[in-house]
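Have a look at the structure below, then the notes.
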């Protein structure tokens with residue numbers, strides 16, 4: 001019997017598929033366990049060896065839990081809406097659905113050949129109408145809800161309308177827009193429908209509003225913050241500017257406090273929790289109103305330091321603040337407008353990160369201090385963000401270093417309001433040591449007392465109040481793209497109306513081109529059949545629009561995170577056509593027990609998914625308000641890039657050893673052109689790209705040596721290793737074991753293809769433990785003590801490792817066990833059969849084959865995990881070193897429970913002791929039970 005991994009792996013992958021081995025049952029009598037990976041976006045490049053890392057880890061755990069008797073849900077699907085497919089459609093004219101389908105086939109083939117135990121009967125694709133029907137349905141539920149602060153939950157908008165009809169809105173405690181007008185019941189009932197709808201939009205959990213967005217002109221769409229890197233789009237590297245647009249937004253801010261509190265109830269990594277805490281950004285302080293001189297307007301400021309109110313020497317508004325152009329004097333108008341235009345070219349993240357650059361412009365206007373009535377100059381500066389707080393800060397340069405640097409730079413006064421503090425060189429920000437001075441009624445008070453008194457005095461004069469603020473802003477939910485979920489929205493008199501749930505899904509229309517229209521509308525503006533008929537409840541041609549029975553449909557689509565914000569619930573009952581999942585399935589599976597994915601999603605997908613889950617919980621659609629109990633962030637497998645060195649200004653390349661002192665430009669070379677000695681196949685490189693065809697290569701010792709560096713594995717860096725190649729050469733089990741063996745799951749580690757041979761050789765050695773050229777070697781022989789010790793030592797270590805997600809050390813344990821059993825010449829089925837169960841989560845194909853060869857008809861996945869028996873590790877005897885005057889002469893095995901006196905008597909009576917003593921009487925005998933015996937003299 002030879003280890004033919006290609007045939008073995010194909011055989012068992014076929015068996016698993018045909019027998020639906022890993023299909024989970026809803027409402028099983030077994031305890032449930034739900035293991036989930038963040039589902040992939042199916043890109044055209046397919047998987048590289050870095051992608052399966054988290055999938056292998058989750059698969060090991062899913063298989064382990066099956067061995068423990070759990071009903072395991074381990075599904076997979078595709079986050080299949082996305083910008084890359086749309087960009088390809090723009091370039092080629094090919095419909096994104098065709099591209100996506102082809103990419104999914106590649107992904108499925110690659111995933112299947114690695115041997116994952118996915119329940120493919122529950123596959124979801126966010127771009128399938130059967131799936132996004134329910135994404136649209138959730139959007140409608142959000143639109144039909146408001147957040148009742150008193151109930152601390154989302155409630156039906158109809159309940160709010162009843163309150164308006166009976167009481168007006170003066171006593172409504174809701175999360176809503178800041179500028180909601182106060183009205184009575186009589187006034188509400190007198191409003192026309194358009195007025196009522198516009199008011200309700202200010203309360204709804206999803207609403208239309210003019211918002212500052214990240215606009216990418218080249219891509220023709222709005223981008224989320226996590227789609228921007230260093231001020232350009234992650235996709236294509238195009239410039240991004242800030243722009244005001246009317247967009248759909250999600251009122252995630254309503255859930256800010258609950259999102260914070262919920263972090264205390266879930267087992268997620270501390271670093272990820274901290275990322276979310278910082279993103280939510282809770283601050284406790286005061287809202288202060290500053291009157292503007294010669295104006296009816298006021299500037300509202302949130303501050304965490306109301307105790308420093310007398311230290312205000314200027315104010316700074318965000319360049320985008322609504323009041324800027326209203327209050328700017330004619331003399332300052334040109335300078336202010338130029339500054340606003342320049343700021344619009346920088347993303348908010350850039351502005352937040354750039355703490356060194358000081359820039360700003362004086363508006364020419366002044367505010368009035370609430371207590372002293374002194375004039376306060378109003379500036380604009382890009383370090384203030386329109387969406388955080390109120391978009392305005394009261395600058396206290398003596399107590400804030402950024403304000404201090406700004407004041408120094410622009411020669412603005414820096415009054416000192418701290419007792420006994422020198423501020424000649426820097427601001428003083430230690431609030432715990434603060435004693436207020438030069439501040440009227442606050443003089444002599446510490447931070448806490450001064451804060452409390454300042455808020456009281458502000459409330460007395462009607463220019464402030466205590467407030468808790470959050471950095472978390474409502475999430476922009478519109479995208480000017482084609483390849484995304486259509487909104488189930490049509491417009492009547494400019495107001496959005498929801499399409500009835502019974503007529504979902506509203507499917508994407510056909511378009512002639514995927515770019516924005518010539519008039520700047522989103523790509524859906526190119527559709528000829530994109531209007532809603534309220535009589536037929538169907539999408540009809542645009543030329544039928546009459547604004548009586550046929551109306552315009554929404555032209556934007558939903559963002560990439562829409563479908564991923566609830567997909568974990570769909571897996572629980574993926575085939576359900578009546579609901580996104582049945583109550584029975586939701587109550588059985590409840591939540592994800594183990595979620596594995598990248599930490600880069602901390603403030604994107606993972607925050608939005610928690611928000612949607614809490615909303616669905618409020619409305620009674622799901623039984624729990626956190627979707628994942630435990631989250632692990634896998635690290636990254638890095639690529640080893642190769643570099644050639646082109647002389648600047650020439651088409652000449654110098655070997656790495658020749659570049660010192662030369663002006664060269666390093667250029668990535670495809671790693672497939674490099675051998676194990678870091679030598680470049682020059683001819684292959686020349687033929688790779690036309691620009692290199694006639695290049696000159698200066699060699700050293702007859703070869704061209706490349707440079708190497710470890711960096712992110714990426715197609716653009718030409719350092720990608722295809723798992724298909726590894727599986728073909730070494731097998732899927734080798735790939736699985738090697739990816740785990742590389743290091744701890746959470747860490748970053750470089751890929752080295754040379755290292756996989758060691759793991760592959762281990763599998764061959766494992767095979768030889770069971771079989772040789774003559775066939776199976778396993779017998780019914782009784783196991784020896786050493787056999788049992790090796791097995792149970794392995795059971796203990798592997799179980800601990802899996803429970804702690806220390807998969808790399810498990811692989812080492814397997815290697816030690818196989819070496820020991822080989823040395824022991826173990827053939828006992830009582831040892832070798834449970835060993836296969838231990839290794840099957842890691843290397844399932846070889847385990848299934850050998851399990852079958854041992855006469856088992858059912859899949860190894862149905863076998864119980866071996867039970868650790870500590871008695872096999874307890875030593876019944878001890879091999880004592882017997883020393884004479886400190887020099888060990890022989891060893892003697894004695895029972896562990898033998899007393900000190902019995903040990904001495906037994907040793908002294910032994911013939912080897914008598915030989916060593918040669919008739920002499922020792923001076924003393926030192927006995928340390930369980931360790932040594934030393935005879936002196």
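Counting starts with 1 at the first residue shown.
For all residues, glycine too, the Cβ spot is worked out from N, Cα and C.
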| Range annotated as motif ''KMSKS' region' in TrEMBL, from 712-716, 717-721, 722-726 | 712-716
| query | Do you know the DSSP helix, strand and coil residue counts for the domain 'Aminoacyl-tRNA synthetase class Ia' (710-738)? | reply | 18 helix, 3 strand, 8 coil
| field | residue 715 (ATP binding site), number of other Cβ atoms within 10 Å | value | 12
| task | Please spell out the DSSP helix, strand and coil residue counts for the domain 'Methionyl/Leucyl tRNA synthetase' (38-142). | result | 61 helix, 5 strand, 39 coil
| message | With helix taken as DSSP H, G or I, strand as E or B and everything else coil, how many residues of the domain 'Methionyl/Valyl/Leucyl/Isoleucyl-tRNA synthetase anticodon-binding' (788-900) land in each class? | response | 61 helix, 18 strand, 34 coil
